[in-house]
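What TrEMBL annotates here:
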- 99-220: domain 'Palmitoyltransferase DHHC' (DOMAIN)
- 6-29: transmembrane segment (TRANSMEM)
- 41-63: transmembrane segment (TRANSMEM)
- 146-171: transmembrane segment (TRANSMEM)
- 183-208: transmembrane segment (TRANSMEM)
Amino acid sequence: MFKNVFGSGFLVRTAHVILTWVITLILFLHDTELRKQEETGHFVQPVLFVLLVLVSVLLYFAVSLMDPGFILSDDGDLQFTLGVTEEQQDMIPPTKSLRQRRCGHCLLQQPMRSKHCQTCQHCVRRYDHHCPWIENCVGERNHRWFVLYLAVQLLVLLWGLHIAWTGFSYAPTWQLWIRANGILLASAMLVALLSLIVLLLLGSHLYLVSLNTTTWEFMSRHRISYLKHCGADENPFDRGTFHNLWGFFCVWGTVVWEQVYFREGSDQV
């Protein structure tokens, strides 16, 4: 289920962890509200902040090392056969073919919504994208954890930005102010930039999840065999916002997307 922590992406993961704890240490060393509460014996907020940072790091490693849904054999053919019979396939409109492709790289059958990742060298179920930040694909098995990680990371960054703001000290001149607050200012600017990036990522993923589509499908639907014949506003996997969100966050296990695709197609016959 998890990959080797010392494998591909070790430097990226190490840099992420070091940066996270260095910024956390800076917030404690400067005259921020965290340090003031620590000095006065009020440890609730400092402990909660450190625990939240720890949770974000653990989620980062979980998403980074988790199997995103690699297809390692042709076992999916049986699932495909059980999910949609030949008689049902014959009932589907000709514009919606359910023929499975065979990957030209790993030579395995690709279930619907899967794609081969050139970086990971595997086909991934319900492929979303390959994320260089976590050095792993985002797919069927780790997508919900990726979204949860983004939410926790955003909370940590916004809280850290607020804490950094409380640590700036007064100085009579700009030169003295920069000298006294330069490191904290640089950290705050980095945290603000990361907050904006994570906010945009989280917002875009929640939007796509609410539509039951993926980043790959959204960006490349004109090149995807099972979508390029659909209308511009047509999504055969969309079951309504509530059901899309419920299925994404609360339904575990492998989904036979051919069944969902067939059900949508048969409704339009």
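All residue numbers here begin at 1 and follow the chain in the order shown.
Heads up, the Cβ atoms here are built off N, Cα and C, so glycines get one too.
Just so you know, TrEMBL annotations are computer predictions that nobody has curated.
If one looks beyond the transmembrane segment (6-29) by at least 6 residues along the same chain, the residues whose Cβ comes under 8 Å of a Cβ in the stretch are 35, 38, 46, 49-50, 53, 56-57, 60-61, 64, 132-136, 160, 163-164, 167, 183-184, 187, 190-191.
For the domain 'Palmitoyltransferase DHHC' (99-220), the model's pLDDT averages out at 93. Secondary structure of the domain 'Palmitoyltransferase DHHC' (99-220) per DSSP (helix as H, G, I; strand as E, B; remaining residues coil): 67 helix, 16 strand, 39 coil. Same-chain neighbours of the transmembrane segment (146-171): 23-24, 27, 30-35, 49, 52-53, 55-56, 59-60, 62-63, 128, 131, 134, 138, 177, 179-181, 184-185, 187-188, 191-192, 194-195, 198-199, 201-202, 205-206, 209, counting only residues six or more beyond its ends whose CB sits under 8 Å from a CB of the stretch.
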